[in-house]
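Annotated features in Swiss-Prot:
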- CYS238-CYS240: disulfide bond (DISULFID)
- CYS271-CYS274: disulfide bond (DISULFID)
Amino acid sequence: MRDYIVRATAYNNKILAIAAFSTQTAQKAKEIHNLTPTTCAALGRALTAVAMMRVMMKGEKDKVTLVIKGDGPIGNIVVVSNYPGIVKGYVGNPTVDLPLSEKGKLDVGKAVGKNGYVTVIKDIGLKEPYVGTVELQTGEIGEDIAYYFYTSEQVPSAVGVGVLVGKEGNVLASGGFIIQLLPNIEEEVVAKVEEALKNISSVTELLRKGYLPEDILNHILGEMGLNILERVDLKYECDCSQERFETAIIALGKEEIKKLIAEGQSVEAVCHFCGKKYLIEESRLKELLRIAEE
């Protein structure tokens, strides 16, 4: 089944709701980066979150990057969505694998760590992108992003993301939701939403039962006039190119390019997001130097 995201509102547009089914997306990330069950769960959660965050943005050319930097062994988690429904990402140490937590679940929180930061970079076409940074709370990713929304954007939010990994290490199911309460919402409605959220043991449990994005939102907001606005296909896709890496070489400046030429070797670049290798020969480096000198 294809991956997709649903965007909806409820209670006369006073509740914004997003839900995602991201199984193939998480599986592709697992295959590209050769992830362990623990790192697959961590990156899969982050990819699901950034995909939902991008769908919440209005401009066609808007971009969002989510960076999670904790003190755990996984290192940095970087995920990007430059287009609606298109995501890519990587983790600093993809080989980390930890024992299950006390609850018998993949220990993403321990892999990420609790000391560190969540940074969200939103590029909406202005001179400078919006950058918001908050401290990590649990390292479980969902709670950390909810804390970001509340602290940095002043929007009370509930965020749930989960990845179910099988015994063979493949992704059985992946998905998540974001529920946001907009200004001037009545207290009794807030209480209803909170009660509905309390009845969810975990996102992975809903996914295990076969819930799709519409089912998840109905489960939480079904009695509050849920209104589905759009469905967006979701996939893992990298937009790297030879041209982009050559632009990065030019940005190093002419002195650095001269050093590369003096070494008399080709330059090999590897994309962090998809592992694709790009080779820039010495003759091409000289051409890039001429461009840098212009």
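Glycine is no exception: its Cβ is also placed from the backbone N, Cα and C atoms.
For the pair CYS240 (disulfide bond) and CYS271 (disulfide bond), the C-alpha distance works out to 7 angstrom. Cβ neighbours within 10 Å of CYS240 (disulfide bond), excluding its own Cβ and spanning all shown chains: 17. Contacts of CYS271 (disulfide bond) defined by a Cβ separation under 8 A and a same-chain sequence distance of 6+ are given as CYS238, CYS240, PHE245, LYS277, TYR278, in order along the sequence. Taking the Cβ of CYS238 (disulfide bond) as centre and 10 Å as the limit, one finds 17 other Cβ atoms among all the protein chains shown.
When other Cβ atoms within 10 Å of the Cβ of CYS274 (disulfide bond) are tallied across all protein chains shown, the result is 17.
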